[in-house]
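Chemist: Questions regarding the structure given below will be posed in turn.
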Amino acid sequence: MRPARALIDLDALRHNYRLAREVSGARALAVVKADAYGHGAVRCAQALEAEADGFAVACIEEALELREAGIRAPILLLEGFFEERELELIDAQDLWCVVHSAWQLDAVERARPRNPLTVWLKMDSGMHRVGFFPQEYRAAYERLQACPHVTKVVLMSHFARADELDCARTAEQVAAFESVRAGLGNEVSLRNSPGILGWPNVPSDWVRPGIMLYGATPFEQAHPLADQLRPVMTLQSKIISVRELPAGEPVGYGARFVAGRPVRVGVVAMGYADGYPRHAPDGTPVFIDGKPGRIIGRVSMDMLTVDLTDLPAAGLGSRVELWGANVPASQLAALCGSIPYQLFCNLKRVPRVY
Ligand SMILES: *Cc1c(COP(=O)(O)O)cnc(C)c1O
């Protein structure tokens, strides 16, 4: 059996969820969209269900997967419905629904659900992706209030730059939101992971932690709260071949790496078809039998190569950590011009072990 594995630490997931709740003092919807950022939505939701205030997903397909697995907790559809007829299932499956567009609002007004509907009304406070502009928001809110079948409206918005801790944009978005919701007694929800960890004074009845649940920092620099997160995923594999090469010999496609001295090369069963980033440069950190090592040569589809020259005890069968506690996914992502979100979501083919 190919030794590539993604080990998922569900205790770490619970630890990170509790941290989100603790530092925000709010109720928290665990964001498990995109198969829980590659960690397995059903298993992650099951691990959190006893304590989670609810879950959030991107679409009804993801919500149904959780319901079919027996998850009874509230589930919010972060983009609401994509077609009006989904409202029937939203009603039948007791889902919460974002409304971010005029056509969705029209559809909610027309709906005649059997059960009371909970709507999260989204404001575009400056992200400029979806949501009602501040000047349209109050009218949209009044229309929902006038629907007898809409029994609860949560006021929400989303930050574009909360990961930039010295950027004024987040405060501007909060101000835009606050100016419109002033006087409304409804619950509010603004903060994603960087908002939770980096912006403590934003009003919050609900927070929406995603990446922090999985233990990756959303920030480029060290941060005292983000440093308390525990990585949930360890991506690991083993060395399946070893060879020694004299100085001057190239390694791998395109001869990107050329040995400047005699090298011992280890081949690891992990490649970009597993979701490991192909753009990892020479020198990218890995951990080999618990010791720091580095990638040399281009990452191929199913294999990558590491330098074993200074690790004489390592060899065939040595365990290699590609990311995890010793190689933070955010550090690797930064080296590859990416973000930990994308590394996690790209994971495929690798069996997950819980
Ligand atoms: C994905 C998403 C989140 C979670 O964001 P993180 O940065 O991963 O914490 C929160 N809110 C909305 C609306 C989202 O789409």
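Going from the start of the chain as shown, residues are counted 1 onward.
Glycine residues also receive a Cβ, built from the backbone N, Cα and C atoms like all the rest.
Just so you know, TrEMBL annotations are computer predictions that nobody has curated.
In case it's useful when we look at the structure, here is the feature table from TrEMBL:
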- Lys33: active site, proton acceptor (ACT_SITE)
- Tyr253: active site, proton acceptor (ACT_SITE)
- Arg129, Met301: substrate binding site (BINDING)
- 232-354: domain 'Alanine racemase C-terminal' (DOMAIN)
- Lys33: N6-(pyridoxal phosphate)lysine (MOD_RES)
Chemist: Of the recorded positions Arg129, Tyr253, Met301, which one has its Cα closest to the Cα of Lys33 (active site, proton acceptor)?
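Modeler: Nearest by Cα distance to Lys33 (active site, proton acceptor): Arg129.
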Chemist: Starting from each candidate's C-beta and looking 10 angstroms out, tell me which of the recorded positions Lys33, Arg129, Met301 has the most other C-beta atoms.
Modeler: Lys33
Chemist: Check each residue in the chain of Tyr253 (active site, proton acceptor) that is at least six apart in sequence and keep those whose C-beta is under 8 Å from its C-beta; list them in sequence order.
Modeler: Gly297, Arg298, Ser300
Chemist: Helix, strand or coil for Met301 (substrate binding site)? Use DSSP.
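Modeler: Assignment for Met301 (substrate binding site) reads coil.
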Chemist: Between 0 and 100, where does the mean pLDDT of the domain 'Alanine racemase C-terminal' (232-354) sit?
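Modeler: Result for the domain 'Alanine racemase C-terminal' (232-354): average pLDDT 98.
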Chemist: Count up the helix, strand and coil residues in the domain 'Alanine racemase C-terminal' (232-354) according to DSSP, in that order.
Modeler: 20 helix, 43 strand, 60 coil
Chemist: With H, G and I counted as helix, E and B as strand and the rest as coil, say where DSSP puts Arg129 (substrate binding site).
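Modeler: Note: Arg129 (substrate binding site) is coil by DSSP, not helix or strand.
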